[in-house]
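K.L.:
Pulled these from Swiss-Prot:
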MOD_RES   SER14  phosphoserine
MOD_RES   SER49  phosphoserine
COMPBIAS  51-85  compositional bias 'Low complexity'
REGION    51-87  region 'Disordered'
MOD_RES   THR53  phosphothreonine
MOD_RES   THR57  phosphothreonine
MOD_RES   SER61  phosphoserine
MOD_RES   SER65  phosphoserine
MOD_RES   THR113  phosphothreonine
REGION    126-167  region 'Disordered'
COMPBIAS  152-166  compositional bias 'Basic residues'
DOMAIN    199-262  domain 'bZIP'
REGION    199-224  region 'Basic motif'
REGION    227-248  region 'Leucine-zipper'
REGION    265-286  region 'Disordered'
MOD_RES   SER272  phosphoserine
COMPBIAS  277-286  compositional bias 'Low complexity'
Amino acid sequence: MASELAMTAELPTSPLAIEYVNDFDLMKFEVKKEPAEAERLCHRLPAGSLSSTPLSTPCSSVPSSPSFCAPSPGGQPSAGPTAAPLGSKPQLEELYWMSGYQHHLNPEALNLTPEDAVEALIGAPHHHHHHHQSYESFRPQPFGGEELPPAAHHHNAHHHHHHHHLRLEERFSDDQLVSMSVRELNRQLRGFSKEEVIRLKQNRRTLKNRGYAQSCRYKRVQQRHILENEKCQLQSQVEQLKQEVSRLAKERDLYKEKYEKLAARGFPREPSPPAAPKTTAADFFM
């Protein structure tokens, strides 16, 4: 009974705190019994801590609650500048120990009962961790003086280098590389790195060799077609000449045969005309 009176005497007198505490019906929850060692761990503050709120138990993930009980007899008061004096009432910030879970424990906003708020509070650490992971994905990109990890530097440099290569390779078409003179190409490549210039010139040399090989192949094919056409024309002319030779040979043989027949029979002699009678002068005067 004396302990209940002592606890009642040390309860906060602020109306806001009393109203905040009275919203919860905590009497229906069972009190977890813990060993004395766990109780000592609960009442011990970490080194350098400025808060008078004890730590939570090792077996529980529920955030630590404000301490309304009297200090242990063997405990020593904290020597920190902000520590509360021995036997003093809890500070006002201890009454708002659940301020980090306002989105869980706001019955007016979520239309929840106090029991639902306590259940949400019990599952709050895991939920907070889940939200922390989800918020990590929406972290803004670093600017200016913020440091980037080496992997991010390498990724950004590789992306910029690859984009630079694409711009250089897409700057000239194949026809421009082949038709452009060496002087003009060197003038266009000023300001680029040596590796990019060497790669582009190798590409230009490959294109020129490929074009030269295609030109030679085209010329060979064209020359072969010309020679094949001339061959066909000459073959047709030879056939025509052969036919003409055979015709002339036949005609020669025909004339030769006629000549031989005529020579074998002999040519007939034509009859001489009759001689005119001689007239004398005596016949003339007769």
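Just so it is clear, glycine is given a Cβ too, placed from its N, Cα and C backbone atoms.
Give me the local environment of each listed feature.
P.N.:
Secondary structure counts, DSSP: the region 'Basic motif' (199-224) has 26 helix, 0 strand, 0 coil.
When pLDDT values are averaged over the region 'Leucine-zipper' (227-248), the model yields 96.
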K.L.:
Counting by DSSP, what is the helix, strand and coil composition of the region 'Leucine-zipper' (227-248)?
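P.N.:
Helix (H, G, I), strand (E, B), coil: 22 helix, 0 strand, 0 coil.
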